[in-house]
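What follows is a single structure, written as structure tokens, with notes after it.
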Amino acid sequence: MSATTVSQFAVELKMPVVALLEQLGKAGVGKSDANDMLNDQDKTRLLDYLRRAHGDESQTKITLTRKQTSEIKATDSHGRARTVQVEVRKKRVLVKRDIGEHAPEVELEASNALQEEVSAPEVIPEPVVEVVPEPVIEVVPEPVVEIVPEPVVEAPVEVPVEEVVLEKAAPVAPTRASIIGEKELQARAEESRRYNQLREIQERELREKQAREAQLVQMRQQAELAAAAAKAAELAKNQAATQAKTSEGAEKGTLHKKPETPGKKGDKGGRAADDGKKKGGIKTRGSDGAGGWKDNRHGHKKSHKVDDGQGSFQAPTEPVVREVHIPETISVSDLAHKMAIKATEIIKVMMKMGSMVTINQVLDQETAMIVVEEMGHQALAAKLDDPDAFLEEHAEHKDVPLEHRAPVVTVMGHVDHGKTSLLDYIRRAKVASGEAGGITQHIGAYHVETDRGMVTFLDTPGHEAFTAMRARGAKATDIVILVVAADDGVMPQTKEAIHHAKAAGVPLVVAVNKIDKPDANPERVKQELVAEGVIPEEYGGDSPFVPVSAKKGTGIDELLEQVLLQAEILELTAQKDAPAKGLIIEARLDKGRGAVATMLVQSGTLKRGDIVLAGQVFGRVRAMLDENGKPINEAGPSIPVEILGLSDVPAAGEEAIVLGDEKKAREIALFRQGKFRDVKLAKQQAAKLENMFQQMEEGEVKTLPLIVKADVQGSQEALVQTLSKLSNEEVRVQIIHGAVGAISESDVNLAQASGAVIIGFNIRADAGSRKLAESFGVDIRYYNVIYDAVDEVKAALSGMLSPEKREQITGMVEIRQVFLVSKVGAIAGCYVLEGFVKRNSRVRLLRNNVVQWDGELDSLKRFKDDVKEVRSNFECGLSLRGNNDIQVGDQLEVYEIQEVARSL
């Protein structure tokens, strides 16, 4: 023991400090303050004093011992039922002391000592609480102690054996470990009461379970009796029919055959049914296990009774028709869970419908609904908690007045017809020279202040690869200027631009460019456009034709006048003092500034700090730049701006909207990302399964893996689409990855892992990426013009094509004499009629102009000397490899197979 203070020792003994100081004083330990220290010697003196104060006379101890044996049923880890013998032993010790004559009354509280020893052969039953008797002693100054025994707490079970032993008890030495409080006694009594309640609940549940099992057995027996009666009636009927057949057979003199019974050779279905009855049900936990398939405890063989009736009792059930809510995409396992069936059942049904699926495959909504209806359930299209519904509620502010806005004009036409040059003259800036190859490869958006008002121009590419970009331009525009070269006429992209404008319902203004050239023919252009459905105003149509020259500036003012006249007719208006809405015209990834998107504001006012949601991307507008790169704070309707601060590069053509809540914008963006990923995965898996067998039949297709990186989203999209169109049945372009931004080290690692070639369009790789590519041997190609990229990829695909084999006849030989040599075989003496014959050439043996054999020459000689070739009008001797069937008059057609390179 360590030294403690008087107050700490009083807390340990659970008694007042004043009482402890009095006892210490009577024990000869001089302590007067609660903070005085007590050492081991002081504590020993106090203990000796207390022992002397209690005395040794007339102490008796009563010991009660009780035993009880019971049985419980439990299951082991294998589910087998076991009967376990449980023996409960309880022991109580009661101590009684005499009362002194002059001493005050002191109560010695003795708790009930419960010592339960449970002996179980294999399984440990429910835990039994052990209670150790610890008498509580309240010390008083007088040495005489009065002991009053506490009432004994009865056990929850009857006591079959009880022994009472009276003996002289040894002096009880009160120690700190033997002191117990009244709260502890109450807690133990409460615990004993709960144990009794738990035991009663378990016994009641056991009785109810046995009653249910007895009821099920009775119902099963009744069903078996009914089945036996039905079978007996059927058997009697069959016997009567058999006797009738036997009598007929006896008259005809035939042998009698026993009728086939269920379970015999002729009835396989009956045998399968009986086998199912023999196995029965597997016993589970909680059952008694009697008669189970693993109940053979003593190693004896146990014969199972086979019920020859109609089977065990089964409650009649009718098919459950469920309402299954199908989202846009759902996996096979989730669909099976919704219908409460196994996934293999769905796989079987879809195999019958002609689709091979796996348990984790994602199905689209239409396919899943067909499967659900095929299986007899009711399919409903699920109405998810779509955050996009918030955008529908986020309608235009009707109280904001509409104001006049500038027209958005898109310049469209064929490549090299002068679209950008026309805009340059209007903007008084030479932009075409900055484009690689002099062709526009991404959308340029500008707004121009003219004398008649402001006009916003969108310049679209004319190359065939940029179809999607032209479609986006027509979608975002109010008026289309169709530029047609007077010396070139209507070309394929001109027709496509007309179709885009008509599909968008946008008026056309035709600018006949390059009228200053000597070979210009504007009248031919008009006739060709009339054939395409574009009627000039002078012919009674609604499309004004303006002859212009982008080089000299002729007709530019008339063109702008026609554009503004069309805008006045359209009466273009938009809300200005409202949250902005617009269209993402172009997007790219800038190394220093991150995601940069060109946005055309269509209504409202876009300000710095607004929360913008564009498709699957959202973000706060950190900065806004105009088309000249100057920072601005706000942009109204029909103004194109570059915005910075989006979380990722948005897809070109996405609708952009300003929201007031960043949390809602993030929620909608994440929802769209998950939805897009699920739909894309479903399409990929469907395409894989549809093409799997076709690829197995056609053989392996050679693939050219590519990684495409471009400066802007539109150029990357156009390049991917154009390169994908180069694929055919033998070679295929596989786009491993396509993105905007510089070539990074992750792109090089991906190319090294997939064996791909990196194509950089208007971008370059940094120093680290170049070194990594050199170490890995990754090929990086840089292009500034889309023509060059397409031509080189086409050449690479042509090299991957297997060469074409062509057959060329080189000579004709006539057999004039045949010699038979024992070791060699048949030798033909021949005359070369035309051409030449070489050693090891391939020949065809012709007899009466019918091919008899096709093979190779074995040897070629002239005057007993081996020669390499023999030309026309010369004689030679030859033998055929593996063929001796030659005759005089046969002809040999000599030919060779040449491989010719193919091209796309």
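Numbering starts at 1 and runs along the chain as displayed.
From the backbone N, Cα and C atoms, a Cβ is placed for every residue, glycine too.
Residues or ranges marked as region 'Disordered' in Swiss-Prot: 239-316.
Feature annotation from Swiss-Prot assigns compositional bias 'Basic and acidic residues' to 248-278.
The domain 'tr-type G' annotation in Swiss-Prot covers 404-571. In the predicted model, the domain 'tr-type G' (404-571) shows an average pLDDT of 78.
According to Swiss-Prot, the feature region 'G1' maps to 413-420, an assignment based on similarity to another entry.
Of all the Cβ atoms in the protein chains shown, 30 others lie within 10 Å of the Cβ of K419 (GTP binding site). Positions annotated as GTP binding site by Swiss-Prot, on the basis of sequence analysis: 413-420, 459-463, 513-516.
Per Swiss-Prot, the feature region 'G2' maps to 438-442.
The region 'G3' feature in Swiss-Prot is assigned to 459-462; the stated evidence is similarity to another entry.
Positions annotated as region 'G4' by Swiss-Prot: 513-516. For the region 'G4' (513-516), the list of distant contacts is 417-418, 422, 483-488, 522, 547-552, 554-555: same-chain residues at least six beyond its ends, Cβ to Cβ under 8 Å.
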Secondary structure of D416 (GTP binding site) (DSSP, helix/strand/coil): coil
Composition by DSSP (helix, strand, coil) of residues within the region 'G4' (513-516): 0 helix, 1 strand, 3 coil
Set of same-chain residues at least 6 away whose C-beta sits under 8 angstroms from I515 (GTP binding site): A486, P522, P547, V548, S549, T554, G555
Binding-site residues compared (G413, D416) - highest count of Cβ atoms within 10 Å: G413
